[in-house]
Amino acid sequence: MASQEEFYRTQIFGTVFEITNRYADLNPVGMGAFGLVCSAVDTYTQQPVAIKKIMKPFSTAVLAKRTYRELKLLKHLRHENLICLEDIFLSPLEDIYFVTELQGTDLHRLLQTRPLEKQFLQYFLYQILRGLKYVHSAGVIHRDLKPSNILINENCDLKICDFGLARIQDPQMTGYVSTRYYRAPEIMLTWQKYNVEVDIWSAGCIFAEMIEGKPLFPGKDHVHQFSIITDLLGSPPKDVIDTICSENTLKFVTSLPHRDPVPFTERFKNLKPDAVDLLEKMLVFDPKKRITAGDALTHPYLAPYHDPTDEPVADAKFDWNFNDADLPVDTWRVMMYSEILDFHQVPDSQINPNDTFDDQVAAATAAAEAARQQQQQKQQQQKQQQQRHQGVEHGAQHVQLQHGAKQLSADPLVGDSNGGIPLNVSAANETLNNFANQAAQYATDFE
């Protein structure tokens, strides 16, 4: 039976949350640089969910692309140890909302409240590495792995979240983004050349933090961060120094006094030998010598949980063709709408998700241009109509214009009548219009 949903508005920390009546009992759980996260109850399933509001996703091309990337990744990456996208919708205010499973807490909060017993430490590390094995097999680097991005429920099930900064496995990167405490040394030394090994380093830092209850490398700045890493690992080996491209970085590193490594058995005296061995293999200066997620899962330390028949890899590599695209906001908007329709299994007459990325861009660009022309024609018609009424209703005209400038369309995929680019870039798409006409909400079928 089809269920028609309606939007309602509420304020959370001064931020308007505009969601459908499918979701109730909103409570804030976290705030990030790009959005606010609230817990809620899915009234269809009676299950708790997390709703992440992406604020002003189309305010800039950079933010639009970032939102598009996160949605594409969430749709592609489906694994027990990764957060799962359950719903996505666009509000009349043009904000995008991701709905995912709700986990009880995150590892950062958990470590602040209590030390971890050995069995929990092992199980959490196992699940982190199990998730990373899958992510890396899909050709994806998380790039921002840290305790606050690791969610845990009351059953100790662990899920990695926040793929908004994830990138392709590419030897030429465009910058570094990971939180400093968990940042691999190659990012600081050769930030244009890194790969999936940066996630293994971050996981090693998290492993050590679970052991000690505090960050292993709490650097105050980049220089201090590198310094405290060398306090434990010693000076970087020649093979690593030879990869440094920046002349200033090379001068800095070679000017430092030589430091010998501290044996991990001495630094972590209360840790069992197999745990020390795995940690040491994860925190290696040279990324080429760092253990992989797959190999780490077979390490004796994780033997109680290792199951080679239940540690899957991705069915296909993630398609990163869009990653170097420099597109205008309107085109990203169309691409995003197409992805939302595809998630809801609603056909889009203008963009075929099975087409190549270039073909999708061409279709999206044409749709955006058609929308602009449609809006220009509408504005011209309104202008002509207003001119015809001039001299007839002088007093009423001012009121009419004021009302028209403030009136919002009832269609969430159509812009306002005050000259903005219309959001309905698929005006000829009957299915999309049917969705839009239901009080600014997609109609979702439930049996």
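For all residues, glycine too, the Cβ spot is worked out from N, Cα and C.
Confidence annotation: the domain 'Protein kinase' (23-302) carries a mean pLDDT of 89 in the model. Annotated domain 'Protein kinase' per Swiss-Prot: 23-302, in sequence order.
According to Swiss-Prot, the feature ATP binding site maps to V29, G30, M31, G32, A33, F34, G35, L36, V37, K52, an assignment based on sequence analysis. Following the DSSP three-state reduction, the secondary structure of V37 (ATP binding site) is strand. Around the Cβ of V37 (ATP binding site), 19 further Cβ atoms fall within 10 Å across all displayed protein chains.
Of all Cβ atoms in the protein chains displayed, 22 besides its own lie within 10 Å of the Cβ of D144 (active site, proton acceptor). Look at D144 (active site, proton acceptor): DSSP puts it in coil. Marked as active site, proton acceptor by Swiss-Prot on the basis of sequence analysis: D144.
Under the heading phosphothreonine, Swiss-Prot lists T174.
What Swiss-Prot lists as phosphotyrosine is Y176.
Annotation comment: Swiss-Prot describes 373-404 as region 'Disordered'.
Annotation source Swiss-Prot lists compositional bias 'Low complexity' at 373-389.
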Quiz item: Quick one, of the binding-site residues V29, M31, which Cβ has the fewest other Cβ within 10 Å?
Solution: M31
Quiz item: Around G35 (ATP binding site), how many other CB atoms lie within 10 A of its CB?
Solution: 22
